[in-house]
Amino acid sequence: MTNLHPGLRWLLIGLLYLSQGIPLGLAMDALPTLLKQQGASLENLIFLPFVGLPWVLKFLWASRVDNHYSTALGRRRSWLIPMQSILLLCLILVATIGIHPASSTWVITLAVIASFASATQDIATDAMASESFDTTQLSKVNAIQVAGTMVGFFIGGAGVMILSGHCGISTALLLPISIITTSLVLLILSQEKAVQPVAPSISSNRPSNMPPNDALTVRQQRHASLGRFLQRRGSTSLLLLAAFSAIAMVSSFGLGKLALLDHGWSVTQVGQLGMLGGVSTILLGCGGGALLLRFFSIRLIFIWGMLMGILAAVLWLFLLQQTQILFVAALAATMLGCFGAGCASVALMTQAMRFAQQGKQAGTDMTCVQSARDMGEMLMSSSLLSISAALGYAAGFAMGIVAAIVTIVVVVLSRQLKANDAP
C-alpha cells in the first residue's frame, strides 16, 4: 500500500475487514432468522453455524498464503484481489436467486464458498495489517479489525434483515455488494512494497561458505508453517484463551434473537436490535476497548469483557421469564453483551497481533489464534441451539455463563496476557 495516502491506507484495511464479515453475517445471522420466520424449526437450523467451518480450518492453508504469491501483484494482493472477486460474485448470485426454502440449497452452497473466500482473505488482510503499521498503532489496527469484521457481520445480518423487510432480499443485498465493490476497486488501485520471492531451494540462497544445517535454518526461517507457531512460547495458552472467549461470548445475542422471534418479534425488529447492538460493539466495545488499553492492561480489559458477557446472559435469563419483552430491555441485554464482546475481542487480538509481529509469519500466526476462536464460536453456536431445542433457551444462556466463568479462571491462571500487563 506504498502508493496510498495514510488515510486511504486505513480506509482500505477497514473496508477489507468490513467486506469479509458480510458473508458471515448473511449466512449465520440473516439466513437462519429468515428461514425461521418462514417456519423452519430450531432442529433444522442446528447445522447452519458450520457454514463458518472454513474460518476454523483456515490454519491448514495459512502458510500457503504466506509462502506463495505473484511478485507482480504483491505478496498480499495476490490473494486479496481473487478472494474479493469471489465474494462479490457469490453475493450477486444470492441476490439473483433470492433466499427462500426452494433456493436454500444453492444459497447455503454459495455461503460456504463465500466463507472459504473470506477466511482466506482474512489471512492476507491480517498479515498486511501487521506489516503495514508499527507497534504503537496496533491497538488502533485491532480496533478496526474487530469493529470492521463485526460491522460487516451486522450489515450482512441485521442490515440485510431490516432492508429485506422493506424492499426484499435482492434489493437489500445491493448494500453489501456496493461495499465489496468499493473495497475491490481501492485494492486494485493500491500497490505493495516489492518483496523477494521465498527461496525455492536451499542451495540457491546459501552462501558458498555456509554449512548445510545453517542453510536449512535460513530456509525454515523464511517459510511459514503451523509447526513454527506451535513451537513458540505462549502459543498454547493463547489458543486456549481464544477458544474459551468465543464460547463465552456467542450467547450474548445469537441465541437471544431466536428467543425474541418465539416471543412474537418480527424479523425487522430483531434486525433493528441487531444494528443497535452493532453500533454499541463498535463505539463502546471496540472503540472503548482500544481507548481503555491506553490506561489498563490487556488482561484487565479482557476480564472486564467477560464480566459484561455474564451480566448480559443473566439479563436474558430474566427477560425470558417475562410474558412480553420490551425493546428497551432487550436492547440493554444486547448492548451489554456486545460491549463485552468488543472489549474482550480487541484485547485478545491486540495480544495476538503483538505475538505475530514478533515472528516472521504474521498471516499464519494470526490465523491460528483466529481459528481457535472461530472453532469455539462454531461449536458453541451449534451446541446452544441443540440445548435450547431440547431444554429451552434458559439452559442455553446458563451454559454461556458457565463458559464465561471458566474463561476468567483460565485468564487468571494463564501467563499469556500477563506478559503484556503494562498498558
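Every residue, even glycine, has its Cβ placed from backbone N, Cα and C.
Copied from TrEMBL, the annotated features are:
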TRANSMEM  7-26  transmembrane segment
TRANSMEM  46-67  transmembrane segment
TRANSMEM  79-100  transmembrane segment
TRANSMEM  106-129  transmembrane segment
TRANSMEM  141-163  transmembrane segment
TRANSMEM  169-189  transmembrane segment
TRANSMEM  238-261  transmembrane segment
TRANSMEM  273-293  transmembrane segment
TRANSMEM  300-319  transmembrane segment
TRANSMEM  325-350  transmembrane segment
TRANSMEM  384-413  transmembrane segment
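At the 8 Å Cβ cutoff, the transmembrane segment (7-26) and the transmembrane segment (325-350) share fewer than 3 close pairs (sequence separation 6 or more) and do not count as touching. Contact between the transmembrane segment (325-350) and the transmembrane segment (79-100) is absent: fewer than three CB pairs lie under 8 Å, with pairs separated by 6 or more positions in sequence. The transmembrane segment (46-67) makes no contact with the transmembrane segment (169-189), as judged by fewer than three Cβ pairs under 8 Å among residues 6 or more apart in sequence. Using a Cβ-Cβ cut-off under 8 Å and counting only residues 6 or more beyond its ends in the same chain, the transmembrane segment (141-163) has close neighbours at 10, 13-30, 33-34, 126, 129-130, 133, 169, 171-173, 175-176, 179, 267-268, 270-275, 277-278, 281-282, 285-287, 289-290, 342, 345-346, 349-350, 353.
Among 106-129, 169-189, 273-293, 273-293 has the largest number of CB pairs under 8 A with the transmembrane segment (300-319). Long-range contacts of the transmembrane segment (273-293) within the same chain, counting only residues at least 6 positions beyond its ends with a Cβ under 8 Å from a Cβ of the stretch, are 29, 139-140, 142-144, 146-147, 150-151, 153-154, 157-159, 161-162, 253, 257, 260, 301, 304-305, 327, 330-331, 334-335, 337-347, 350, 423.
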